[in-house]
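Engineer: Mind having a look at this structure? Questions to follow.
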Amino acid sequence: MRTPIIAGNWKLHMNPAQTAEFVKNVKDKLPDSNKVESVIAAPAVDLDALIKASEGSNLSVAAENCYFEDEGAFTGETSPKVLKEMGVKYCIIGHSERRDYFHETDEDINKKAKAIFRNGLLPIICCGESLETREAGKEEEFVVSQIKKALDGLTSEQVSSLVIAYEPIWAIGTGKTATSDQAEEMCKTIRESIAKLYNEETAENVRIQYGGSVKPANVKELMAKPNIDGGLVGGASLEVESFLSLVNYQG
Ligand SMILES: O=C(CO)COP(=O)(O)O
């Protein structure tokens, strides 16, 4: 059985004081982590505050990005080795904002996935098509190709433990959610592609999130779909009440 995983992606919001205050207000109201895993991905400068504030709670901590080298002359980058030492569990890679604004390639994302596993962290690998690609009817081909390149060289054991986030770019921050059927269809395609690349067991184990305007009003419908195991949530993860409604979607 796959444990549902609801993750807030704070993007470039919050400072350490706001982070500590947020966690103080949610930490005793999170679901049992065997039922739903609650995660917050915060900017690197807030991770120390996030880890300290969430100690002893059911909250898992994620970084929003890291570099593919552990150390060296790479000014401005974040070390996956140090993320692990700090107590981070997950690291998001391949978000469309990083691909678009910071020119990250599929090859970079694959190197990051390997660096994350090398250091004992788990990746949340984002994929998703633009509106143009969807309108051309090429979304499945595009997303499957992103997944294939991101996973290149990873073992079935590694793939079983990671998280994939399907985030159609046209649904991010736009208020336009993919319909639950559209989201399910792509998550199913991703799972089938993993069965082909690896095997049925690996495909059954991998958790696949949907992201793009997920909010308390639509989380239940999305989570009811058989191939959707979680949500990666931007805007609606920034408010305490809204984050709590999301992670407690089971009631
Ligand atoms: O990009 C996202 C999460 O990574 C989605 O953002 P929104 O939930 O604000 O649409």
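Backbone N, Cα and C define each Cβ position, glycine as well.
Owing to the predicted nature of the structure, the values given are computational and were not obtained by experimental measurement.
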Engineer: Suppose a student reads TrEMBL and sees Asn9, Trp10, Lys11, Ser213, Gly234, Gly235 listed for substrate. Which of Gly56, Gly173 should they find annotated at that same site?
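Structural biologist: Checking Gly56, Gly173 against TrEMBL: the substrate site match is Gly173.
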Engineer: From the centroid of the CB atoms of Asn9, Trp10, Lys11, Gly173, Ser213, Gly234, Gly235, the recorded substrate site, which same-chain residues not already listed sit within 8 A by their CB, in sequence order?
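Structural biologist: Here the non-site neighbours turn out to be Ile172, Val233, Ala236, Ser237, Leu238.
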Engineer: Output the one of Asn9, Ser213 that, of all these binding-site residues, has the highest number of other Cβ atoms within 10 Å of its Cβ.
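Structural biologist: Checking each of Asn9, Ser213, the winner is Asn9.
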Engineer: Among the binding-site residues Asn9, Trp10, Gly173, Ser213, Gly235, name every one whose Cβ is found under 6 angstroms from ligand 1, counting any of its atoms.
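Structural biologist: List returned for ligand 1: Asn9, Gly173, Ser213, Gly235.
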Engineer: Quick one: of Gly173, Gly234, Gly235, which of the binding-site residues has the smallest count of other CB atoms within 10 A?
Structural biologist: Gly173
